[in-house]
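Peer 1: Questions regarding the structure given below will be posed in turn.
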Amino acid sequence: MEIELKNVNYFRDGKYILKNVYFKFEKNGIYTVVGPSGAGKSTMLKLINRLIEPTEGAIFINGVEYKNIDVILLRRKIGMVFQRPFLFEGTVKENIELGPSLRGEKNIDALFYLEAVGLSKDYLFKDVNNLSGGEAQRVSIARALANSPEVLLLDEPTSSLDPTSTSIIEELIKRLNREGIMVILVTHNMEQAKRIGDYTLFLYKGELIEARKTWEFFENPVSEVSKLFLEGKLKEMIK
């Protein structure tokens with residue numbers, strides 16, 4: 001799948017959250033989106049998933065402006081997992097089956113998707129309120145996978161997890177990508193971006209400053225703003 005942001009602006013509360021962003025996600029891989037808080041990273045994901053609409057500019061999916069694509073179909077093909085796992089009251093099985101069942105599908109193999117994220121059949125009938133943070137996040141990913149997405153948008157999925165759970169989620173992300181799912185991951189963790197990113201986008205004050213292969217961005221940043229950010233000195237510049 002190709003996702004193209006063409007001169008996208010998003011204006012809210014009297015200011016631009018994203019400014020004139022142009023980028024095409026066209027190669028299967030793991031794209032990490034980094035930048036300081038308030039740079040527009042999460043907004044970019046919400047725009048791609050059509051939770052919000054661009055103020056100006058347009059977004060294209062495989063060459064078709066996404067306003068011309070049924071929003072339900074769009075969200076089946078582009079799954080999104082949030083920073084805090086959002087699960088509905090009920091069992092793990094009911095959560096995984098939710099999307100397909102709303103479309104009238106029957107005989108959904110919830111166990112298949114549960115095992116795809118490394119959880120056993122013992123979890124199927126667990127109440128979601130009894131899951132750990134890492135388990136809940138994996139169930140969120142399993143629910144997204146049940147829609148057979150081509151792209152996964154992940155908004156800081158490990159920010160509140162312990163190192164062991166973080167490692168499990170990172171390995172899962174890499175495996176899903178190897179299986180053909182494009183991943184766009186927002187993270188504040190630069191080490192995580194280095195570990196799993198193929199490409200890195202750096203946003204600052206709503207502008208896309210750099211978009212390069214991850215190793216190139218970290219080893220040889222082009223922009224002075226990028227250098228300050230990687231050196232942890234960007235706060236001084238903001239002041």
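Quick reminder: no glycine exception, Cβ is built from N, Cα and C everywhere.
Relevant sequence annotations retrieved from Swiss-Prot are reproduced here:
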BINDING   Gly35, Pro36, Ser37, Gly38, Ala39, Gly40, Lys41, Ser42  ATP binding site
DOMAIN    3-230  domain 'ABC transporter'
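For each feature listed, report its degree of burial, its nearest neighbours and the pertinent distances within the displayed model.
Peer 2: Less than 8 angstroms from the CB of Gly38 (ATP binding site) sit Lys205, each of them six or more residues away in the same chain.
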Peer 1: So around the ATP site, Gly35, Pro36, Ser37, Gly38, Ala39, Gly40, Lys41, Ser42 aside, which residues have their CB within 8 A of the centroid of those CB atoms?
Peer 2: Thr43, Leu203, Tyr204
Peer 1: Secondary structure at Lys41 (ATP binding site) (DSSP, helix/strand/coil)?
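Peer 2: Where Lys41 (ATP binding site) sits, the three-state DSSP reduction gives helix.
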Peer 1: Who sits close to Ser42 (ATP binding site): which same-chain residues at least 6 apart have their Cβ under 8 Å from its Cβ?
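Peer 2: Looking at Cβ-Cβ distances below 8 Å from Ser42 (ATP binding site), excluding near sequence neighbours, one finds Asp155, Glu156, Val186.
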